[in-house]
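Asker: Would you mind keeping the following structure in view while I ask a few things?
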Amino acid sequence: MLSLQMCDIMLEIEKEKETCMAQAENMTTGCSGMWDRGACWPSANIGQVVTIPCPDYFLDLTNDFIMGNLSKTCNSDGWSEFSPASYALNCGYNANATIGDDDDMRQFYWAVKVGYTIGHSVSLISLAIAIVILCTFRKLHCTRNYIHMNLFVAFILKAMAVFIKDVVLYEVAESDCQSETVGCKAGVVFFQYGIMTSYFWLLVEGLYLHTILAVSFFSERKYFWWYILIGWGAPTVFITAWVVTKAYLKHAGCWDIINDHPWWIIKTPILVTILVNFILFICIIRILRQKMNCRDIGRKESHQYSRLAKSTLLLIPLFGINYIIFAFIPEDINTRIRMVFDLILGSFQGFGVAVLYCFLNGEVQGEVKRKWRRWNMQRFLGKGDTKYQQPQYLGSNGNNFSTQITMQTKCSPITRRASDCQEHSSAI
């Protein structure tokens, strides 16, 4: 089994060979242009020494790539011989010296893959449970939770895209290297879309939190459709532009190379969302500080702002601040540290989203506890299970005790409203 990274190298070499052969000039005197051992040699006169830079595909073969040169001399009987060992040596590739390093890197990559597979699996399960909870209880149906559910779906798409990407990139047979399948490109496109939507819905969460703190009165329904447009529409536009650009430039392989110019079509919007979220975070902290220091608000309201501030501080990793550290550092610096943060810790981001926005939410906890108590009471009264059926003893007024117990569990509208207000004030 070959990975599609190696397939991309082979396809890139084949593409360069076709371009070289199309531009080769036949000369009656001297040496004609030719493709030899992975490099394109232009035509030359007898006695001329031709020097070309090392092919770019050496970048993908070794971490010790150097901008060396390759040289050949045009003699009367043709081009001089140039051994493959000289190719590798001049371009900084030594197969014998890198065997140990390759084994070490292979073990590191395997450990990273296991780590982010576990992380995305945990995130996928927790996000699915969170969506079921928010959809089940009608009292939790509001704009705030609708935004949370869209964020959950975005992270679910991200986790699914990672699993699909691993299948199409690392479990490809050798025969597939010669066929640029649509499924392979579609898997990578879906992967990039999943990543971008997660960043944009994190931006929507920041925008919504800032709006409810900074704007006194606003139409949540009207704003919600703008949030939908930002969260799903903007990534669709950028991914479509990236796909069209890659197709127009006829890039070979599976489109998983991220060191080319079209990659900035995806990277730039993500960096913008991170920076905007960082600015929103500073503004939110400033607004919360002003509200907590305001003398006009009561002690209870001040306590609510204090709890909201603590919740906001927990949202720091969700706002992508930790990624700003690595955003402007070159890709080849601190590669292992970057992979641990971006892949392993980033894979648990969906789990953190589900915990903060659902499992630790006071309103959600209240609804789950109420449903649990109601289920226990119904089981105690024997509804649906004869084992727990209670005998019907009549009281002096003619009512049975089970009816009295049922009536006592029901509250009046005033009591229910008071209870709802208490639970709402305890929500995060």
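Glycine residues also receive a Cβ, built from the backbone N, Cα and C atoms like all the rest.
Copying in the features that TrEMBL gives for the protein in this structure:
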- 6-95: domain 'G-protein coupled receptors family 2 profile 1' (DOMAIN)
- 112-361: domain 'G-protein coupled receptors family 2 profile 2' (DOMAIN)
- 114-134: transmembrane segment (TRANSMEM)
- 146-164: transmembrane segment (TRANSMEM)
- 199-218: transmembrane segment (TRANSMEM)
- 225-244: transmembrane segment (TRANSMEM)
- 264-288: transmembrane segment (TRANSMEM)
- 308-329: transmembrane segment (TRANSMEM)
- 341-360: transmembrane segment (TRANSMEM)
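If you look at the structure here, what lies around each of the features I listed?
Answerer: Along the domain 'G-protein coupled receptors family 2 profile 1' (6-95), the predicted structure has mean pLDDT 75.
Residues 140-141, 145, 148-149, 152-153, 155-156, 158-160, 162-163, 166, 340, 343-351, 353-355, 357-359, 364, 368 of the same chain sit 6 or more residues outside the transmembrane segment (114-134) yet have a Cβ under 8 Å from a Cβ within it.
Non-local neighbours of the transmembrane segment (199-218) in the same chain are 143-144, 147-148, 150-151, 154, 227, 230-232, 234-235, 269-270, 273-274, 276-277, 280-281, 283-284, 287-288, 291, 312, 315, 318-320; each lies 6+ residues outside the stretch with a CB under 8 Å from one of its CB atoms.
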